[in-house]
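Chemist: Attaching a single structure in structure tokens format; questions to follow.
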Amino acid sequence: MIGKSVDVDIVDVAFGGETVGQFDGQQLFVRGAIIGERVRAEITNIRARGLLAITREVLKPAPTRIDHPWPLGSVYQTGAANYGHITLSGQREMKTRMLRRELREAGGEELLAQFSPPMLTVQAVDGNGWHYRTRIGVNKLPTGVGVNSGGTFVRVSELPLASKRLESLDLFGNAWDETLTTGEHLQLVAPNAGSPVIMSAGQAFFSPSERAPNTIWEIVNYRGRSYEYTLGTKGFWQVHENAPDALVAAVFDNLELDERTHFVDLYSGAGLFSLVAADLIGPRGSVRAYEGNSEAAEAASANFTAAPWASSHALTIDAHTLGSLVGSAQVVVADPPRAGLGSEAAKILALSPARQIALVSCDARSMARDVAALVRAGRRVTQFVALDIFPQTHFVETVCVVQ
Ligand SMILES: C[S@@+](CC[C@H](N)C(=O)[O-])C[C@H]1O[C@@H](n2cnc3c(N)ncnc32)[C@H](O)[C@@H]1O
């Protein structure tokens with residue numbers, strides 16, 4: 001079966017960015033195709049959920065198909081821009097279809113009925129979908145840097161997903177050859193309140209001859225107010241330059257906070273949501289932030305210095321610890337990593353006294369599973385915002401508010 005060439009009509013979009021067709025009574029998951037197309041695809045893997053294939057020839061192209069502007073990012077090479085062969089609006093239509101499919105698979109038509117079509121419309125956060133990443137990983141090569149393509153590092157002379165501000169690091173020639181060790185993983189970071197840095201083996205550099213502090217500053221704007229964050233070098237921060245502002249708006253535009261609200265921020269990182277909540281709520285309420293990475297939790301503590309009614313706690317959130325964390329919460333934001341909350345933790349959260357819960361997710365499948373669990377346990381979806389903070393890829397960020 002592997003290596004077989006099949007002609008297939010693409011009728012849906014699945015998790016992982018693959019499109020879906022039918023072959024031999026089975027689902028065929030096809031990379032590099034677009035909904036509405038007819039393609040000739042080569043079967044590459046046999047999986048429990050169906051066959052995996054890759055597009056070899058487009059027999060009937062979709063109107064949204066374009067030449068990939070960065071072939072190295074395509075599904076045939078690194079896959080870092082696996083939707084780059086689709087117009088931006090076409091990418092967003094595909095993501096809407098993926099959200100619908102995942103919600104239907106997790107909770108049937110009954111769950112899908114809680115989402116009006118505008119809720120599932122994926123919203124742009126930028127103009128052209130390139131040069132948006134303020135965080136990007138590469139590997140040092142003997143000269144210049146490379147990206148992983150099928151297990152080997154390919155030297156690059158451009159990084160089209162990376163923020164233009166990272167160009168000042170002068171990465172593609174031999175400027176860094178004596179400072180950095182060949183083979184090392186490099187994390188490039190362009191904070192919005194400071195100069196770009198390279199992180200390598202626990203050290204930070206502004207330039208080959210200038211070390212940088214292991215601290216980064218970011219500024220987030222919401223409703224005319226600016227919030228300043230200090231981050232450690234190992235902690236999480238949203239990668240799209242517009243994501244922190246867009247996510248803060250998607251969360252707080254849809255939550256009802258007052259001056260006595262007890263607010264809990266689960267998976268709080270350096271306190272992106274907590275710092276804004278502390279400002280919106282004020283000293284008569286409380287904000288408690290819980291985060292597993294101790295460096296990020298310490299950074300959050302430092303970020304809350306001017307708001308002592310906000311506190312940061314380093315601990316692992318799971319189905320055993322969660323109940324006590326949300327026992328007296330009135331409003332909860334949960335922004336777990338890709339794996340999501342898990343059905344058991346989602347049920348515990350649903351049964352908490354919180355009047356509103358905002359689930360922030362970067363993974364459509366775990367989001368759908370967690371929302372289905374929240375709804376099964378008695379919650380109702382009131383708002384849902386889908387943001388295109390990972391253009392050129394199949395990923396989509398969502399904020400789901402339940403009551
Ligand atoms: C998607 S990030 C969100 C961080 C923050 N809300 C933000 O937007 O900057 C998820 C965070 O969860 C933390 N984390 C992952 N697993 C965890 C766990 N089991 N318990 C607590 N925190 C965890 C990670 O360290 C990371 O900071």
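Backbone N, Cα and C atoms are what each Cβ position is placed from, and that goes for glycine too.
Positions annotated as domain 'TRAM' by TrEMBL: 1-57. Annotated S-adenosyl-L-methionine binding site per TrEMBL: Gln238, Tyr267, Glu291, Asp335, in sequence order. Here TrEMBL flags Cys362 as active site, nucleophile.
Are these features on the surface or tucked inside, and what are their neighbours?
Modeler: Under a cutoff of 8 A between CB atoms, and with a sequence separation of 6+ in the same chain, the neighbours of Tyr267 (S-adenosyl-L-methionine binding site) are Tyr290, Glu291, Gly292, Ile317, Ala334, Asp335, Pro336, Pro337.
Reduced to three states, the DSSP call for Cys362 (active site, nucleophile) is coil.
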Chemist: On a simple 10 Å Cβ count over all chains shown, which one of the binding-site residues Glu291, Asp335 is most densely packed?
Modeler: Glu291
Chemist: Which numbers of helix, strand and coil residues does DSSP report for the domain 'TRAM' (1-57)?
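Modeler: Counting residues per DSSP class in the domain 'TRAM' (1-57), I get 3 helix, 36 strand, 18 coil.
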Chemist: Between Gln238 (S-adenosyl-L-methionine binding site) and Cys362 (active site, nucleophile), what C-alpha distance do you get in Å?
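Modeler: Spelling it out, the Cα of Gln238 (S-adenosyl-L-methionine binding site) and the Cα of Cys362 (active site, nucleophile) are 10 Å apart.
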Chemist: My understanding is the cutoff is Cβ-Cβ under 8 Å with a sequence separation of 6 or more in the same chain; which residues meet that for Cys362 (active site, nucleophile)?
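Modeler: Those within reach of Cys362 (active site, nucleophile), by Cβ under 8 Å and sequence separation of 6 or more, are Pro337, Arg338, Phe390, Phe395, Val396, Glu397.
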Chemist: Beyond the listed site residues Gln238, Tyr267, Glu291, Asp335, identify every same-chain residue whose Cβ lies within 8 Å of the center of their Cβ atoms for the S-adenosyl-L-methionine site.
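Modeler: Residues close to the S-adenosyl-L-methionine site, other than Gln238, Tyr267, Glu291, Asp335: Phe236, Asp265, Ser268, Gly269, Leu272, Phe273, Pro336, Pro337, Val360.
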